[in-house]
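Okay, structure first, notes after.
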Amino acid sequence: MTLTEKDSQYLWHPYTQHKTSQTPIAISRGEGALLWDENNKEYIDAIASWWVNPFGHSNKFIADAIYKQLTTLEHVLFGGFTHEPAIKVAEKLMEILPKNQQKIFFSDNGSTAVEVAIKVALQYFFNKGEKRTTIIAFENAFHGDTFAAMAASGISFYTQAFQGMFIDVVRIPVPVKGQEEASFDALKNVIENHNCAGFIFEPLVQGAAGMVMYEPEALAKLIEICKEHNVLTIADEVMTGFGKTGKTFAMDYVDENPDMICLSKALTGGTIPMAITTFTQEVFDAFYDDDINKALFHGHTFTANPTGCAAALASIDLLQTNEMQANIARINKSHLEFQSKIENHPKVVTARTLGVIFAVEIKSEAEESYYGSMRTKLYNFFIDKGVVLRPVGNIVYILPPYIMTDVQLQKVYKTIEEAIVMV
Ligand SMILES: *Cc1c(COP(=O)(O)O)cnc(C)c1O
């Protein structure tokens, strides 16, 4: 049996209708921005394997750090114990995060980073004896697949089977260009009419919605409105963090600071699953009490796994090198050139770029659904050409590893241009 045949016998894949989906491709190795399947066909990984892999596959520097940690202390429970790798990650993050972030809490994926933030927002008011139970989120947001994260997510087919079983979430429109006032007004209206505990948002770029972008000034205004009403703000930087937007964090573009930040995906350079939620001292202090009931009773077995911490430290070291910063700037410049080249194409609705993130919306006759026919046609075309891209409906986006070469990048652009003509 081939790997693919064995796979279909045993495995259940994410976001997959196994009856109608195509068989998965078995990847046997990766290096830099490239992947090879079991038949040795080569693919360019143009979406950094779901946005986790900025420094390339099988990165030796991170692998060495992981090996060293594995043979020193692979894991120890974090209840009642601590260790240097966790402390070093905290110190490093304090250097690079917005200055008001003072405490960090470890978990192991983006959804749990969000879950922790939402639970903290709700318990913060519980601990203060204030009844605030509503969470505010954007339309078409994506914050993950655990229950509170799912409740905050606004993409309906991810969540429709569970409607009626969620915590209270009220949605406001995204302040895309021209719609800012509607978003501000909606926020004020929600705050006036509900007991709001927190506002969670993907800063500047909504990833899963199809790389929908909005301006830092609009986000600053929304945060300001929340602050006026003592509503806690949660920046979900799970996708945008660690250089994707051209700065270390998307919040680095924004004049207001959030109360909490969620991190995962590129945190460990796409090696070991790990996540972090960060907090202001003020949030932490609402749980700091002689009364044990005010503690945050939340934890995961693999909390602060030392090996994950070592991977995170090595990744942040790589991100901070001049070489990596130059790569990010190079890709951004290249994206902008490609954008101006194709945005006037008759089959293009719009194109947009922020940092290494590029998206182009292709004209379609029908309203394109997330996993609609145009999406399938595009996806298959890209795979056939040896380029890994996962369109969202009629939106094709690129989120390359920062080490992708110019030659590889040009091949990705060329393939997208061909696809636009083809569909
Ligand atoms: C991917 C993502 C999540 C969920 O992370 P997982 O590790 O898949 O659970 C949460 N928020 C945002 C913005 C994401 O892009």
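The first residue you see is number 1, and the count goes up from there.
Every residue gets a Cβ built from N, Cα and C, even glycine.
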Annotated companion of Gly110, Ser111, His300, Thr301 at the pyridoxal 5'-phosphate site, TrEMBL, chosen from Asp64, Asp168, Asp236, Asp252: Asp236
Quick one: Cα separation, Asp236 (pyridoxal 5'-phosphate binding site) versus Lys265 (substrate binding site), in Å? 11
In three-state DSSP terms, the structure that Ser111 (pyridoxal 5'-phosphate binding site) belongs to: helix
Using a 10 Å cut-off on Cβ-Cβ distances across all protein chains shown, tell me which of the binding-site residues (Lys265, His300, Arg390) has the largest neighbour count. Lys265
Integer Cα-Cα distance in angstrom, Gly110 (pyridoxal 5'-phosphate binding site) to Trp50 (substrate binding site): 12
Nearest to His300 (pyridoxal 5'-phosphate binding site) by Cα distance: which of the binding-site residues Trp50, Lys265, Arg390 is it? Lys265
Gly110, Asp236, Thr301 as binding-site residues, winner by CB count within 10 A: Asp236
